């Protein structure tokens, strides 16, 4: 992109390269880990399975990033140490932090079933968590920027005013000061976006059956038919609630419950 008309965009990038001859430590820490421990019944005071999962995830990170010379972990955190002469990602702090943290998170999720085979992660719980986060972030941003752009406050003043507030407080600020009912804000902002394959009929989902016979989903021909059905399906882009049951009851095949369970790639 540097040699194109859009090369000027690089001028907006923040220069965050860490100075040379300094050791770099990227420390990642669990967020909401106490709730996770409670939800999945981690043993107290220590759960060997959880620690083994952390260690396995960290091991993969060390394998992926050769400039990491040492990693130390305890509880729900891990510190990854890069040599003072490390040149990975040109020593950009943002790139190092995001790359290592996302790699660790991905490994933690991928290897969960190895260490907690009797407690599978529930996909709907994850998606509900992300949509709840969408609501929290958008409510804050909507309130914050109305206080700045319409209320005449500086960003520092708005940030200080919102410190310690809960959702009901922000809703009250929006309504009483700016006449905004947050529930009337566009769904795309409040709910995010869901993209999925939509089938108009059950027959389109499972390919139908004859004389009550259920097709063998593992056969090569059925897998090929399932693939073609998916390719023909309408790609829906919606802004809907996915925390409640309505969406999942309307599209049970997404999670493999009901008609679409046998569809595999």
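Along the chain as shown, the residues are counted starting at 1.
Heads up, the Cβ atoms here are built off N, Cα and C, so glycines get one too.
Curation plays no part in TrEMBL annotations; they are all automatic predictions.
Per TrEMBL, the features are:
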- 7-120: domain 'tRNAHis guanylyltransferase catalytic' (DOMAIN)
- 29, 30, 76: Mg(2+) 1 binding site (BINDING)
- 29, 76: Mg(2+) 2 binding site (BINDING)
- 75, 76: GTP binding site (BINDING)
- 123-244: domain 'Thg1 C-terminal' (DOMAIN)
- 204-231: region 'Disordered' (REGION)
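What surrounds the Mg(2+) 1 site, by Cβ distance within 8 Å of the Cβ centroid and not counting 29, 30, 76, is the set 28, 31, 33, 75, 77 from the same chain. Cβ neighbour count within 10 Å across all protein chains ranks 76 highest among the binding-site residues 29, 76.
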